[in-house]
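Enquirer: My structure is below; once you've seen it, I'll send some questions.
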Amino acid sequence: MTIREDAAELVRVDLAKANGSAYFGQTGMIDAGGRVGDGQDGQIQFDRLEFESPEDLMRHLYYTCMRSNTSEPPWTTDGSTVFCPRRFDGWSCWEPTLAGTVAENWCPKFVLGFDPRRLAYRTCHENGSWFVHPHSGREWSNYTNCIDTEDMQLRRLVNDIYIGGYTVSFLTLIISLCIFHSFRTLKCTRIRIHIHLFTSLALSCLFWIVWYKFVVEDPDVLNANTGWCVGLHILLHYLMLVNYFWMFCEGLHLHLVLVIVFIKDIVAMRWFVTIGWILPMVLVSLYALVRNTQPLDTEHCWMNESHAMWLLTIPVCFSLVASLVFLINVVRVLLTKLSSTSPHPAPLGLRKATRATLILIPLFGLQHILLPFRPEKGCSLERYYQIGAALLISLQGLCVSCLFCFANHDVIFAVQCYLSRFFPDLVTHPFLESNGGQPATQSRDVVV
């Protein structure tokens, strides 16, 4: 592989990793096929408000370059001075250059992974001809210096953080699910909602790991754009909606328990399953149908940004806002029940569940809140933003496990009871720790 081809391959591999986390902007990343002139290989990011496709951008650059050629007076020489002619190589316009010199051009800013502050080179031979690459037999511009190695290292680091974070979250979620299914005392609507939430998060973590390992890291899969990777993209966005909607169900359930109170278990769970699993399926199907009608949005395993993503973003934001409204009302009711004059104080488990949900709702929505404040590319804060976002998104499963399982009042009680049977000298039974031989109030006794 030549130096130019090797550099291009590095660009394709590392730049494909950029879109691990979703954000919504006005630019898209498209591979520049069908290019004007000799062209180059690489990932083109273009303003979709100005150009309909990468080809339109290339055509604009080409004709701009050639118009400059026709508008200038012809190059005249005295027979001893020779120039290489003006060329458009698919990325840059090279001005007529004196023979025996090396032309310089700023690296194109629309190629993802290139640093526009660096210079590309093109050699003009003594006979007035441009350098021809020995392998391709075509005129060649040297863009290897344009590769932003620091940016590539950052993308590798962020990609590794995503994989590591999702792995940790997946393991803790599996442990939590095993705990929930191991104790018969953990049988109530609230715990069943936790199980659905944990299951969706675990599946999401698992398939994100598959996405990063077998799609993002393999440019051949991205270019092939096969059905399985497109299906994986749709599945990931379905699970994303499921995660947020089950978080909504967590807040809704607390609201129903404390405000409405009288509601049948089976009726509540039917509505929760419909909201948590079926409604996201309808929304994702609509998203897939709309996106499939846009040719530019159906390339590279649908990893490029798309305006159709708003069909998913709006329901997510709505669920987060609705959850906060429910929880604010829940807190109001809890403060009333915590009053010294209240004859029916709220149980400890329910109060802790409310606190955990109040923490998780902002945590789940933080990535959307910070989206408008995303630093510009090349900004000194971009590195910290990318790393922070990767940690925040990939470790959501760990946070959910800690707040809803490992710190869960009912779980701690059940585990203590279990361990006290086998290690009585090390673990004291909760009944013996409570006043009057009674355990701490169990939320399952009052939660529908």
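Placement of Cβ uses the backbone N, Cα and C atoms for every residue, glycine included.
The structure displayed is predicted, hence computed values, not measured ones.
Copying in the features that TrEMBL gives for the protein in this structure:
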type	residues	note
DOMAIN	64-150	domain 'G-protein coupled receptors family 2 profile 1'
DOMAIN	158-408	domain 'G-protein coupled receptors family 2 profile 2'
TRANSMEM	161-183	transmembrane segment
TRANSMEM	195-214	transmembrane segment
TRANSMEM	234-263	transmembrane segment
TRANSMEM	270-290	transmembrane segment
TRANSMEM	310-335	transmembrane segment
TRANSMEM	356-373	transmembrane segment
TRANSMEM	385-406	transmembrane segment
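Tell me about the setting of these features in this model.
Expert: Averaged across the domain 'G-protein coupled receptors family 2 profile 2' (158-408), pLDDT for the predicted model comes to 84.
Same-chain residues lying 6+ beyond the ends of the transmembrane segment (195-214) with a Cβ under 8 Å from its Cβ atoms: 17, 20, 159, 162-163, 166-167, 169-170, 173-174, 176-177, 180-181, 221, 232-233, 235-236, 239-240, 242-243, 246-247, 249-250, 272-273, 276-277, 394, 396-397, 400-401, 404-405.
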Enquirer: Near the transmembrane segment (161-183), which same-chain residues lie under 8 Å Cβ to Cβ, leaving out any that are not at least 6 residues past its ends?
Expert: 20-21, 191, 194-195, 198-199, 201-202, 205-206, 208-209, 212-213, 387, 390-391, 393-398, 400-402, 404-406, 411, 414-415, 418
